[in-house]
Amino acid sequence: MATLRAMLKNAFILFLFTLTIMAKTVFSQQCGTTGCAANLCCSRYGYCGTTDAYCGTGCRSGPCSSSTTPIPPTPSGGAGGLNADPRDTIENVVTPAFFDGIMSKVGNGCPAKGFYTRQAFIAAAQSFDAYKGTVAKREIAAMLAQFSHESGSFCYKEEIARGKYCSPSTAYPCTPGKDYYGRGPIQITWNYNYGAAGKFLGLPLLTDPDMVARSPQVAFQCAMWFWNLNVRPVLDQGFGATTRKINGGECNGRRPAAVQSRVNYYLEFCRTLGITPGANLSC
């Protein structure tokens with residue numbers, strides 16, 4: 001019995017020691033708006049802690065160990081949402097210099113080289129009521145970041161591994177001889193998505209899905225249709241929520257490199273626009 005009591009005592013001491021270590025290295029406090037204690041780092045994802053995950057690459061404030069410039073904290077009142085100020089018209093946010101800077105990275109061997117244009121993007125955006133007034137700069141940075149990732153930095157306008165993507169549907173039946181593989185900057189797929197997008201936009205996309213790959217304006221319109229329907233409702237939850245809506249299969253540690261690719265695009269565009277990214281960047 002004495003041996004058993006000693007073993008239990010040692011196990012309890014070890015448990016308390018583990019809790020102490022965890023308390024020193026992992027913190028759930030969000031620092032996007034409130035900041036961290038003086039001895040803690042604010043991570044790229046907006047949480048306080050002391051390990052390399054907090055103080056390394058992307059560290060916003062505190063005793064950062066990364067050699068890169070820390071990301072500024074979210075200003076008071078900005079919260080983590082992508083619909084927060086600052087705002088401006090779509091033309092003033094997506095300037096020729098900003099858009100051309102994105103497209104300058106499209107390689108000469110890319111199938112979509114020269115396909116996506118600023119004129120098409122602006123025209124597509126202005127066909128939606130949501131973008132006819134002023135828009136949140138964070139939302140546009142997030143939108144272009146997700147479009148960049150999905151299209152391979154705007155290298156592609158059509159999916160490489162093409163399939164039929166035909167699902168039985170009474171409302172949007174497949175047209176014989178037509179395939180509904182990914183097209184456009186967000187790679188819209190399946191007959192029911194082409195049908196619903198076409199109905200909303202007033203375009204015959206169910207019978208002519210290739211229109212998305214022929215017209216840059218239609219390509220952006222389809223992507224923005226998907227964005228407004230599925231992504232825009234979660235803008236107040238931060239950039240990570242947009243990734244979950246577009247491809248939730250990457251989240252919860254399943255495809256961290258893909259998630260980070262999206263985050264990197266977003267941070268780059270935020271820097272270009274001179275805005276802070278907000279909190280909750282990952283999913």
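Using N, Cα and C of the backbone, Cβ positions are placed for all residues, glycine too.
Pulled from Swiss-Prot:
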SIGNAL    1-28  signal peptide
DOMAIN    29-66  domain 'Chitin-binding type-1'
DISULFID  CYS31-CYS42  disulfide bond
DISULFID  CYS36-CYS48  disulfide bond
DISULFID  CYS41-CYS55  disulfide bond
DISULFID  CYS59-CYS64  disulfide bond
REGION    88-283  region 'Catalytic'
ACT_SITE  GLU150  active site, proton donor
CARBOHYD  ASN280  N-linked glycosylation site
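Each residue contributes its Cα atom, and for ASN280 (N-linked glycosylation site) and GLU150 (active site, proton donor) those atoms are 20 Å apart.
When pLDDT values are averaged over the region 'Catalytic' (88-283), the model yields 96. Within its own chain, the residue listed as 'active site, proton donor' has PRO185, ILE186, GLN187, ILE246 as residues 6 or more apart in sequence whose C-beta sits under 8 angstroms from its own. With a 10 A radius on its CB, ASN280 (N-linked glycosylation site) counts 21 other CB atoms from all the protein chains.
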